[in-house]
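Undergrad: As annotated by Swiss-Prot, disulfide bond applies to Cys46-Cys125, Cys79-Cys84, Cys131-Cys321, Cys209-Cys235. Annotated active site, proton acceptor per Swiss-Prot: His77, in sequence order, evidence recorded as sequence analysis. Annotation comment: Swiss-Prot describes Asp78, Gly83, Asp85, Ser87 as Ca(2+) 1 binding site. The Ca(2+) 2 binding site annotation in Swiss-Prot covers Thr203, Asp246, Thr248, Asp253.
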Amino acid sequence: MLTRFKKQNNKMVRANIVSMVLLMHAIVGFPFHARGLSMTYYMMSCPFAEQIVKNSVNNALQADPTLAAGLIRMLFHDCFIEGCDASILLDSTKDNTAEKDSPANLSLRGYEIIDDAKEKIENRCPGVVSCADIVAMAARDAVFWAGGPYYDIPKGRFDGKRSKIEDTRNLPSPFLNASQLIQTFGQRGFTPQDVVALSGAHTLGVARCSSFKARLTVPDSSLDSTFANTLSKTCSAGDNAEQPFDATRNDFDNAYFNALQMKSGVLFSDQTLFNTPRTRNLVNGYALNQAKFFFDFQQAMRKMSNLDVKLGSQGEVRQNCRSIN
């Protein structure tokens with residue numbers, strides 16, 4: 001009972017912090033427009049939109065905290081393909097296999113949260129709020145719910161009409177080294193600092209054995225021997241067996257970076273960030289200073305949320321997030 005009270009009290013404190021942050025943004029002249037988007041986009045047309053999304057996210061995460069990682073991963077897998085246009089939500093049809101049915105996306109979770117928020121919003125403001133905005137807001141709210149930083153994002157994204165399985169080949173592989181990650185993300189406008197900060201999202205969630213078992217077949221000096229035994233034990237249950245990225249799988253903190261320092265990164269693409277001199281100092285900095293990680297992460301997430309957005313005639317506002325109008 002005491003633990004529950006403390007968690008509820010912490011939520012209240014964090015809510016007050018959010019209010020203070022938003023007030024400070026207003027006072028110092030926070031940029032309310034970005035790339036044709038606006039912080040106040042729904043102020044008149046659907047003022048309850050953000051609260052509805054937040055309620056859907058909070059209710060779902062209270063029932064299943066592991067879904068926080070799913071919502072953050074959903075945003076990344078959406079935005080990195082064709083931009084932040086909710087293409088990841090479209091279902092396959094008899095004439096087209098959509099992104100969500102790619103092997104890279106089969107483990108994505110949280111679609112029902114987006115559906116719930118969209119249905120409730122449509123009941124209040126039909127045809128106004130895009131699915132792309134809901135995905136971006138849901139990821140933001142999931143970060144905060146799990147204990148991470150609060151950040152605001154501009155709204156006004158339109159939903160795309162294309163979702164093809166072949167486009168998912170552009171998603172970064174868990175087998176890339178740091179130089180390859182920097183190159184891949186750099187092509188989309190991200191810095192090495194962004195790459196390391198965004199990788200910190202792995203402080204939440206799990207990886208499946210199929211994504212790291214190759215590290216166990218040959219000696220890997222970058223992998224702690226005791227942790228290697230842990231991974232082997234996990235994989236004994238099959239390719240779909242799950243291994244948490246760090247010791248606090250449902251808490252957004254800097255434990256992920258501490259794990260990398262101890263050669264206990266689950267994915268090759270995780271551990272390479274510590275093994276590579278170009279990114280090691282960033283890992284060490286975030287492991288030492290969680291506040292610095294939080295600040296850089298929210299900046300990188302704003303950038304991710306604004307990636308190649310569609311505006312006006314470039315897209316539409318779907319009535320149902322799973323199909324085009």
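Keep in mind that glycine also has a Cβ here, set from the backbone N, Cα and C atoms.
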Undergrad: Taking just the CA atoms, what is the gap between Thr248 (Ca(2+) 2 binding site) and Cys209 (disulfide bond) in Å?
TA: 19
Undergrad: Do you know which of the binding-site residues Ser87, Thr203, Thr248 has the most other C-beta atoms within 10 angstroms of its C-beta?
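TA: Buried the deepest by this measure is Thr203.
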Undergrad: Work through the recorded positions one by one (Asp78, Cys84, Cys321) and name whichever has its CA nearest to the CA of Thr203 (Ca(2+) 2 binding site).
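TA: It is Asp78, whose Cα lies nearest.
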Undergrad: For Asp246 (Ca(2+) 2 binding site), identify the closest of the recorded positions Cys79, Asp85, Cys209, Cys321, judging by Cα separation.
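TA: In terms of Cα distance, Asp246 (Ca(2+) 2 binding site) lies closest to Cys209.
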Undergrad: Measuring CA to CA, name the entry from the recorded positions His77, Gly83, Asp85 that ends up nearest Cys209 (disulfide bond).
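TA: Sorting the recorded positions by distance from Cys209 (disulfide bond), the top entry is His77.
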Undergrad: Using DSSP reduced to three states, classify Cys235 (disulfide bond) as helix, strand or coil.
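TA: Where Cys235 (disulfide bond) sits, the three-state DSSP reduction gives helix.
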Undergrad: Please report the Cα separation of Asp78 (Ca(2+) 1 binding site) and Cys235 (disulfide bond) in Å, rounded to an integer.
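TA: The separation of the Cα atoms works out to 28 Å.
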Undergrad: Distance between Cys125 (disulfide bond) and Cys79 (disulfide bond) at the Cα atoms, whole Å?
TA: 25
